[in-house]
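S.K.: If you look up TrEMBL, you'll see 77-99, 111-133, 154-173, 211-229, 241-264, 291-311 marked as transmembrane segment.
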Amino acid sequence: MAESKAIHSYPSPAISHEEDIHEVNKGEDLSDHEQPLASPYAEHGPGIDHKIPQDDVIPAAPDLAWSKIRRAMRDPFAEFFGVFILILFGDGVVAQVVLSRNANGAYQSISWGWGIGVMLGVYASGVSGAHLNPAVTFANCVFRKFPWRKFPEYLVAQVLGAFIASGIVYANYKSAIDQYEGYGIRTVGQENSTAGIFCTYPAEFMTRTGMFFSEFIASTILMFCIYALQDNGNLGAGNLTPLGLFFVIFGIGACFGWETGYAINLARDFGPRLMSYALGYGNEVWSAGGYYFWIPMVAPFFGCMFGGFLYDVFIFTGASPINTPWMGLKRLIRPNRQQEPNHLA
C-alpha cells in the first residue's frame with residue numbers, strides 16, 4: 001500500500017515552485033535526451049533520487065556468506081517484512097473486531113489497525129523504498145525510473161509476505177474462529193463467516209462497475225498522496241512520511257472502505273485469499289461476489305497509474321515521463337531514439 005523512505009532532509013528554498021531546474025538552463029538548447037544541470041530548486045527525496053539512508057554505512061563482516069546473501073537480497077527481504085507487518089496488524093485487527101462481535105473494536109478500529117500496519121511496515125522496509133504494494137512498484141517504474149528488473153522480485157516478496165502473515169494471524173485466532181463459526185467449519189458469505197478476516201469481499205448491493213470504481217478511486221488517492229508526501233519540491237513530509245501514510249490509509253478506510261474493503265493492493269488481497277483457500281475456506285474465496293477476486297488484483301494498477309499521472313501532470317516538475325516531449329508519448333512513437341541517462345535508478 002505504500003512507498004517511502006525515511007531519508008535525509010533537503011532544504012526547501014523559500015521561492016516560487018516554478019523556479020526549478022529549468023531556470024538554471026534557461027536559454028540553453030537541450031535535446032530531449034540530455035540531462036539539464038543540477039539545481040538547488042530541483043525536487044529531491046526518497047521516491048525521486050532512490051537514495052538509501054545507509055549508503056555510507058560500513059557493514060560489519062561484509063565477507064561472511066550470509067552478509068553477501070543479505071546484500072544481494074536486502075530489497076526483497078525488506079519488502080517481504082514490510083508487507084508481513086502490514087498484514088499482521090491489518091488482518092489482526094479485523095480478526096479481533098469480527099471474532100469479538102464488535103465487543104473489542106468497531107469499524108474505525110479497523111481503519112486504525114491498517115493505518116498502523118502501513119506505518120510500521122514502511123519503517124521496517126525503508127531500505128527498499130517501502131513500496132508494500134505491486135501497483136505502487138509499477139507506478140514507480142513508470143514515473144520515477146525505478147528499475148523494471150526489480151518489479152518481479154518485489155511482487156513475489158510482497159505476495160509471499162502477505163501469504164505467510166495471514167497464516168500466522170489464522171494460527172493465532174484459530175480457537176476463536178472455531179468458537180465463532182463452529183469447530184472445523186470455514187465459510188464464505190454466510191452470517192458467521194470469517195473469510196473476510198483475511199481478504200476483501202464486496203457489499204451485496206455493489207455492481208461490478210461500482211466494485212472496480214471503488215478500488216480504482218481509492219488507489220488513485222493513495223498514489224497521488226504518496227507522491228505528494230515524497231515531493232520536497234512541494235512541501236514534502238521528509239522523515240514524517242510513514243506517519244503521513246498512516247493518515248492516508250486511515251482516511252481511505254474511514255471514507256472509502258465500506259463498499260469493497262479497500263484492498264488497493266494485489267499482495268494484500270491475493271496473498272491472504274490464497275492462504276484462506278489453503279486453510280479450507282473452499283472455492284468460494286474465488287467465486288464470491290461474482291468472482292470479485294480479480295478486481296483488487298487489477299484495479300489498483302489502473303488507480304495508482306492514474307494517481308501518479310495526475311500528480312506529475314499538475315504539480316510535479318522533476319524528472320518524469322510527463323515532463324518530456326508530448327508527455328512521454330514521443331518515446332513510444334520513436335522507441336529507438338537515445339533515451340535520457342538514468343540518474344535516478
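The backbone N, Cα and C atoms fix where each Cβ goes, and this holds for glycine too.
What's the neighbourhood like for each of these?
M.R.: Long-range contacts of the transmembrane segment (211-229) within the same chain, counting only residues at least 6 positions beyond its ends with a Cβ under 8 Å from a Cβ of the stretch, are 1-4, 47, 133, 135-136, 139, 143, 202, 235-237, 241, 244-245, 248-249, 252, 256-257, 259-260, 262-264, 289, 292, 295-296, 299-308, 310-312, 315-316.
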S.K.: May I ask whether the transmembrane segment (77-99) has at least three C-beta pairs under 8 Å with the transmembrane segment (154-173), counting pairs 6 or more apart in sequence?
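M.R.: These two segments touch.
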S.K.: For the transmembrane segment (77-99), give me same-chain residues lying six or more residues beyond its boundaries with a C-beta closer than 8 angstroms to one of its C-beta atoms, as numbers and ranges.
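M.R.: Long-range Cβ neighbours of the transmembrane segment (77-99): 1, 70, 105-107, 109-110, 112-114, 116-118, 120-122, 124-128, 130-132, 154, 157-162, 164-166, 168-169, 172-173, 176-177, 179-180, 194, 196-198, 267-268, 271-272.
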